[in-house]
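Among the features that TrEMBL reports, active site, schiff-base intermediate with substrate is placed at 198, 251. For 118, 120, 128, the entry in TrEMBL reads Zn(2+) binding site. Annotated 5-aminolevulinate 1 binding site per TrEMBL: 208, 220, in sequence order. Summarising the annotation, TrEMBL assigns Mg(2+) binding site to 236. Positions annotated as 5-aminolevulinate 2 binding site by TrEMBL: 276, 315.
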Ligand code: PBG
C-alpha cells in the first residue's frame with residue numbers, strides 16, 4: 001500500500017495536543033519595561049505601538065498589572081534626567097533604574113527583576129561605555145575602562161535590589177569583571193544573564209527611539225557582532241560561560257535561530273531576545289490587516305522556544321501571557 005508511512009494519522013484533531021513538542025508558557029517570558037525620570041505621565045513609544053515610557057511613580061501599578069497578567073519577570077531600562085561622558089547616572093544610588101527596581105520589588109516582591117548593565121542610555125555620546133583614543137589612534141569604545149564602569153553599574157543595581165544583572169555591552173571580559181565586582185560587594189548569589197551573543201543589528205532601531213540611546217557618531221560594529229558570523233557567535237557564548245555566566249543569551253532571536261540552537265549545546269540555560277524591530281514589524285503588519293497579530297506573535301515565540309530558548313525577552317510578554325491563559 002502506498003504511502004506506507006502516514007504522518008497525518010497523528011494529526012487528527014483530537015490527537016494533535018498529545019504530540020505537541022513545544023509548549024510556550026507565561027513562565028518563559030520576560031517583559032522589558034522603560035522608566036523615564038523626566039516625565040510625570042506615561043508616554044507612548046511611537047515606533048513600538050503598545051509600549052510606553054513610564055514615570056517611576058507608575059512602577060507599582062505597572063508591576064501589579066504585569067503580575068496579574070501572569071508575567072513573572074521583567075527587565076528594566078532607564079531614561080535618565082542627565083547624561084554625561086562617564087555615564088554617572090547609570091550607577092547613581094538614586095538613578096532611574098535603581099529607583100525603579102526598588103519600587104517594583106516593593107510592590108511585587110515575587111517579581112523577578114533583571115537589570116540591563118550598559119551605558120548607552122546614560123552617555124551623552126550614546127555609546128555603550130567609555131570612549132577614547134585606541135592604540136591605533138581611533139576614537140572608539142575603550143574595553144577595559146568600560147569594564148570598570150560596568151562593575152559599578154552592576155553593583156549599584158544589585159544594591160537597589162535587582163534579582164539578576166544582564167550585561168549587554170559586548171565588552172571582552174565583561175562577565176568575569178562583573179562577577180568579581182558582585183562577589184567583592186557581597187552579591188555572590190546574584191546571577192549574571194549575559195547578552196553573550198549580541199549582534200550588531202539594525203533591528204534595534206525602535207529601541208533606540210524608546211530608550212533615547214542612539215549614538216552620536218560611528219556605529220556599534222566594533223563591539224557588537226557581525227550578523228554573518230555563526231562560529232564567532234558560538235565562541236562568544238562559550239567564553240562567557242567560561243567566565244562564569246549563569247545564563248547565556250542570543251539577540252536578536254527570530255533571525256538567529258541557528259545560533260540559538262548551537263548555543264544551547266553549551267549546556268547553560270539560554271535566553272533569546274525578541275528585539276524591538278521584530279516586535280514593531282509584527283505590529284505594523286497587524287495594523288495594516290496583513291497578519292493576524294495574536295497567531296503570528298505566539299508562533300514567533302513558540303519557534304524561538306523550539307529552537308532552544310529557555311527564556312524569551314519579548315515586548316509581547318504581557319499580551320502573550322494573557323493570550324495563553326485565555327486559551328486554557
Ligand atoms: C543596550 C541594549 C540595547 C537593546 C537592549 N539593550 C540597544 C543596543 O544595543 O543598541 C536592544 C533591545 C531591542 O532592540 O529591543 N545596549
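Heads up, the Cβ atoms here are built off N, Cα and C, so glycines get one too.
Cβ proximity to the Zn(2+) site centre (mean Cβ of 118, 120, 128, cutoff 8 Å) flags the following additional same-chain residues: 119, 121, 123, 127, 129, 168, 169, 213.
In the three-state DSSP reading, residue 208 (5-aminolevulinate 1 binding site) counts as helix. Ranked by how many other Cβ atoms sit within 10 Å of their Cβ, the recorded positions 198, 208, 220, 251 place 208 at the bottom.
Taking a Cβ cut-off of under 6 Å from any atom of ligand 1, the recorded positions 118, 128, 198, 276 reduce to 118, 128, 276. Between the C-alpha atoms of the residue listed as 'Mg(2+) binding site' and residue 208 (5-aminolevulinate 1 binding site), the distance comes to 24 Å.
When the Cα atoms are compared, residue 208 (5-aminolevulinate 1 binding site) and residue 276 (5-aminolevulinate 2 binding site) turn out to be 9 Å apart. Here the CA atom of residue 220 (5-aminolevulinate 1 binding site) lies 8 Å from the CA atom of residue 128 (Zn(2+) binding site). Its Cβ placed at the centre, residue 128 (Zn(2+) binding site) has 27 other Cβ atoms within 10 Å. Comparing the Cα of residue 198 (active site, schiff-base intermediate with substrate) with the Cα of every entry in 118, 120, 220, 251, 315, these being the recorded positions, the smallest distance points to 251.
In sequence order, 90, 128, 129, 150, 153, 167, 168, 169 constitute the residues six or more apart from residue 118 (Zn(2+) binding site) in its chain with CB-CB distances below 8 Å.
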